[in-house]
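The domain 'Archaeal histidine kinase 4TM' annotation in TrEMBL covers 19-136. Annotation source TrEMBL lists domain 'DUF7344' at 172-236. Taken from TrEMBL, the feature transmembrane segment applies to 20-38, 44-68, 80-101, 113-133.
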Amino acid sequence: MRLTLTLKHAITQYDAPSWLVTAIGVLLGATGIGYVFAHPEPVPVWMFEVALVSIPAASIVYGGYWVATQQLSRSDSWRIATWCLVGGGVAGALLIGYIIAERVGGGTFIEPGELVILGVLGGTVVSLYTAILNERHHSATAIGTVDERQIIDMGNEPLSQDAQLLAELVVDTRSWTVLRLLSMAEEPLGLETLVERIAAVENTDQTEVYVDLAHVRLPKLETEGLVRYESDIEVVHLSDRFTRVANANEELARKGRQLSTEPQQ
């Protein structure tokens, strides 16, 4: 199901920025492979050169897939695509300038064409994934983290960490649904089963739920120590901390009663 869902989502969600990133990866990869084939080397060297070209090109193509499958605004998608294009262009221009300077100065340079291709690939990969990591940080913060101003001031006595986390989970409806479904199950749930149940509860598209769980919700819940996600076999386990967090509802209730009995200022 994983392959079916990801392919379906990619086909339906690709837009101009994600296609641009993908096209850059395909174009650079094809150019690099063509250059390697046009300049035969001993087999070990040839295989190494193919790897040097194909791995970063594949990374760029995957970057285009990532842009397509995330719920990004159009401006954010274009920002990533622009960084990808600019990074590769700048790296290529610098290397071309260096090669020209070497030749004008009378120096020799071995395989300048391949160096330029590798430089463009490297610059593109670095700039692309720098932009992606930055966007992932902002996305995770926006979706999975509650601004402290959104949580009611509970008085002078601070809440425990478990109670604070419970208050955040109450706001994050989907994460709470994930934990509730896991707690109701008699055994750990496969990601496919979890996706189907959440989609049924929310009456929404399974593809969107799958991408959201795999890339945002489950990693954050695992960081909080609430679940353990085995990504290789796509199985989600509920951790012991969930019981402590769930039991913190009594602490929140006591704070709520205290607030309700305090005189209004």
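Each Cβ is built from the backbone N, Cα and C atoms, and glycine gets one as well.
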Against the transmembrane segment (20-38), which of these stretches has the most C-beta pairs under 8 Å: 44-68, 80-101, 113-133? 44-68
Cβ under 8 Å, sequence separation of at least 6 from the ends of the transmembrane segment (113-133): give me the contacting residues as numbers and ranges. 21, 24-25, 28, 31-32, 35-36, 39, 49, 52-53, 56-57, 59-60, 63, 66-67, 79-80, 83-92, 94-96, 99
Predicted model, mean pLDDT over the domain 'Archaeal histidine kinase 4TM' (19-136): 79
Residue counts in helix (H, G, I), strand (E, B) and coil for the domain 'Archaeal histidine kinase 4TM' (19-136), per DSSP? 103 helix, 0 strand, 15 coil
Using DSSP three-state counts, the residues of the domain 'DUF7344' (172-236) come to 42 helix, 8 strand, 15 coil
